[in-house]
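Listed in TrEMBL:
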type: TRANSMEM; residues: B:27-51; note: transmembrane segment
type: TRANSMEM; residues: B:66-92; note: transmembrane segment
type: TRANSMEM; residues: B:113-134; note: transmembrane segment
type: TRANSMEM; residues: B:140-159; note: transmembrane segment
type: TRANSMEM; residues: B:166-183; note: transmembrane segment
type: TRANSMEM; residues: B:195-219; note: transmembrane segment
type: TRANSMEM; residues: B:274-292; note: transmembrane segment
type: TRANSMEM; residues: B:298-322; note: transmembrane segment
type: TRANSMEM; residues: B:343-364; note: transmembrane segment
type: TRANSMEM; residues: B:370-395; note: transmembrane segment
type: TRANSMEM; residues: B:416-437; note: transmembrane segment
type: TRANSMEM; residues: B:443-460; note: transmembrane segment
Amino acid sequence: MIQVNQLSKTYNETTVLNINNLEIPKGQSFGLVGNNGAGKTTFFSLLLDLIQPSTGNIINNDIQVNSSENWKSFTASFLDESFLIGYLTPEEYFYFIGDLRHQNKADVDALLAQHEEFFNGEILKNKKYLRDLSKGNQKKVGIIATLIGNPEVIILDEPFANLDPTTVSRLKKIIKELADNPNVTVLVSSHDLQHTVEVCDRIVALNKGEVVKDIQTSKETLQELEAFFAV
Amino acid sequence: MIKKFIYLEWKAFTRSASFGTNLAMKILIGFLMAYFSLVFIAIGVGAFYVLKKMKLEPLVTVNQFLIYYFLLDLLIRLMMQGIPVLNIRPLLVLPFKKPTIVHFSLGKTALSFFNWVHALFFVPFSIVLILEGYDVTSILLWNLGVFALIYINNFLNIILSNIDKLFVVFVGLLLGLGAAQYYKLFDITLFTTPFFHGLYASKILFLIPVIVLIGLYVFTFKYFKNNLFLDAGLSKKEDIATTENLSWLNQFGTLGTFLKNDIKLIKRNKRSKTTILMSFIFLFYGLIFFGNSHQPPVMHIFAGIFVSGGFLFVFGQFVPSWDSSYYQLMMTQNIPYRGYITSKWWLVVIATFVSTILASFYLFYGLETYLTIVVGAIYNIGVNSHLVLLGGAFTKTPIDLSSSSGAFGDKKAFNVNAMLLTLPKLLLPLLLYWTGLHFGDKTLGLALVAGAGVLGFIFRNKVFSIIEKRYKVEKYSTILAYKQKN
């Protein structure tokens, strides 16, 4: 599904990301872990053509992301709050995204109903604009919005951060469901090794922009990762 | 302690996102400021002799109009003078005394351009008065009184800027008083002139504005100090949200989706709401030019462009910056760039069209005058609408829509840069119209301007392709610039 070739990103002669070759097959749930500055967000930004690669390229479903825009029709993402439109209510935001992905109101409503538990009664019909929601609730809106229109690739940057414990476990359930769908490729980044191990089939650890671990998740994965990051 | 504040302010100034990118703009503003300073000084020096020539007593005449001067000053401040916001939140828990924080915030406003610019007029005027033999002590006291009044305006602006509707009230008051005086119904200056002249004539009257100023400072200080809490003056105002479907726009497909969003954008944010008010004020701009024989006729087209182009200039100018806070979202969604630009274009066109209809009251000045406005609108739709969108690709100043915080919030929507960017859009039609006037008559001039507009409209698709390409080229640097909003 996603093929990374000779990809690197350099700022003022400092290489922040350098991935020679990485292939993410269709249907995989892919976890990206690493310390601050490891290059996780840089990688996602490159994948979404928000920044330009210094060398190499990324191919998303046969489409090279920095030369064609056609990947946008099947890729959904939530990196941070700058993906939210502050002056809209959550409902309006969902419908806006729905319109852009050619979903009618009923489709969106059906999806929202499905995730009512995740919202925990704090999102819908609350007479608040997105800008006035707490960080955690904003995140809930952003995450669910990526599910609108059945995208084939879903990219979530640090989805577990800022969420309360209950929501974290509900989010894990959602991501696991997505992972079980053979048509959906999920990419998740996190600082939290345990959460990532729980929801992902495969985990790649980045350190200073380089891939330092690439493992299929098993019982020993968590220990292996903890040992790696413990200094 | 103050040193630390100044250090912070300096860093904030030199590291702001707009500082580096808009250096050319800063230089241009610098030139303009120098120019206007010279004009002000010239007026200050010349006013005495001009009034004398008109057989008026200079000081009395100036005193007579001071009431309007101060009202206008307050109005301009309410519109343009931002309240300097220290980044106060992080300071609260640091070992700064609260009074120090407030004194510094207020003290900073005292150094504002809007205060010292007046000195450029009053100081030379006073020097001339003294040279002409007026009593030195009295002139000094008069100046003291006048500057106390200027600073009263400064602090009034700070206190009043939280009340949205006041701006309209003051505009109404100023227009009402002016009209009443013009039609000789009621002359406010009869009551105010003795006071202003008293600042000069009596040796103690100056104490009144000075005491009021001190009182006002104490009041502002207390008000700010008492509001220096996260849940008071530093809190964010939360609006009660209403969900709007605007489903009648659905029939326009993707275009409708964007229009819906833009309508909400304008309605729900202070900054964008002001653009509507501004475009309404622009409607009346033509009153200065039409029916005024002192203005050269070539300026009529200038007015024609402005009357219908208010929205174009104050809103269109900042596309796509209005979407800056969620630009990354826009760039990752399944959005054709063209659809995005087209929807903005339609928004500008609709607003121009509505303005033109509203401007039909200019028919009062004759059909020809209204025709000038219609021609201006055609030019706006055909040429200027494309120019603002193209310019937008290079406008990389993020707009913080959510700056609706409490007492310390900077809510000013209008800025000088916006006005400067409009100049090139006015020179071309002016040139065309002038050519027409020079080689033929008014009709030829209007035809040339309208022709340019129609041509722009015909080649719309071609122009859109160019704009689209430009936006794509600028995409990465725009994303980067919008990220540095804080």
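Glycine is treated like the rest: Cβ placed from N, Cα and C.
Only sequence-distant pairs (6 or more apart) were considered; of these, fewer than three Cβ pairs between the transmembrane segment (B:274-292) and the transmembrane segment (B:195-219) are under 8 A, so the stretches are not in contact. The stretch with the most CB contacts under 8 Å to the transmembrane segment (B:343-364), chosen from B:140-159, B:195-219, B:298-322, B:443-460, is B:298-322. Within the same chain, residues 301, 371-372, 375-376, 378-383, 386, 428-429, 432-437 sit at least 6 positions outside the transmembrane segment (B:443-460) and bring their C-beta atoms closer than 8 Å to a C-beta of that stretch.
If you look at the transmembrane segment (B:27-51), the same-chain residues 6 or more away from its ends with a CB under 8 A from one of its CBs are 57-58, 61-62, 113, 117, 120-125, 128-129, 132, 416-417, 420.
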